[in-house]
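Taken from Swiss-Prot as is:
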- E131: active site (ACT_SITE)
- C88, H130, H134: Fe cation binding site (BINDING)
Amino acid sequence: MAVRPIRLFGDPVLRTPAEPVTDFDKELRVLIKDLIETMQDAPGVGLAAPQIGVSLRVFVYDVDGVVGHLVNPSLDLSEEQQDGDEGCLSLPGLSYPLKRAKRAVAKGFNEFGEPVILEGSDLLARCVQHETDHLDGVLFIDRLDPEQRKLAMRAIREAEWAGQTVRVKTSPHPTRGKAL
């Protein structure tokens with residue numbers, strides 16, 4: 001297993017809808033282990049396959065000490081909303097307030113192709129929504145209100161990583177595990 005470089009804002013893979021997984025094989029299991037290792041090394045609470053350059057519908061999470069994964073997810077979201085700050089390992093150092101559904105039910109598969117239902121609220125619900133967005137080629141900054149998005153784009157242009165498309169970790173992530 002390996003820690004893989006995390007793709008940064010500007011890399012086209014982050015804007016491309018990921019392909020469904022069709023082969024539940026050893027390669028998928030290695031990918032999931034690499035995703036978990038990379039997420040924990042970053043550190044973050046979630047990571048989607050496109051964030052390491054693999055355009056497949058897979059994400060991993062580590063919320064409240066529970067580590068897991070979901071393949072080919074689909075979401076059912078509550079109408080009730082939650083407020084919270086959100087960041088992203090592909091946009092290091094940036095965090096903005098963003099409304100998300102308070103509860104989420106994600107249906108998908110485990111690494112062996114067996115059906116899985118993942119239900120959660122608060123941070124887990126936020127994580128599942130954020131990571132599923134990655135699988136659809138959507139970044140959290142796309143969901144910001146126009147004024148916040150303008151601020152985010154300015155911060156991206158001024159970031160030390162601006163213009164790079166791959167991040168190799170050199171120091172702990174400034175959000176201390178709060179990035180998704």
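Heads up, the Cβ atoms here are built off N, Cα and C, so glycines get one too.
Its Cβ placed at the centre, E131 (active site) has 26 other Cβ atoms within 10 Å. Within 10 Å of the Cβ of C88 (Fe cation binding site) there are 29 other Cβ atoms, across all protein chains.
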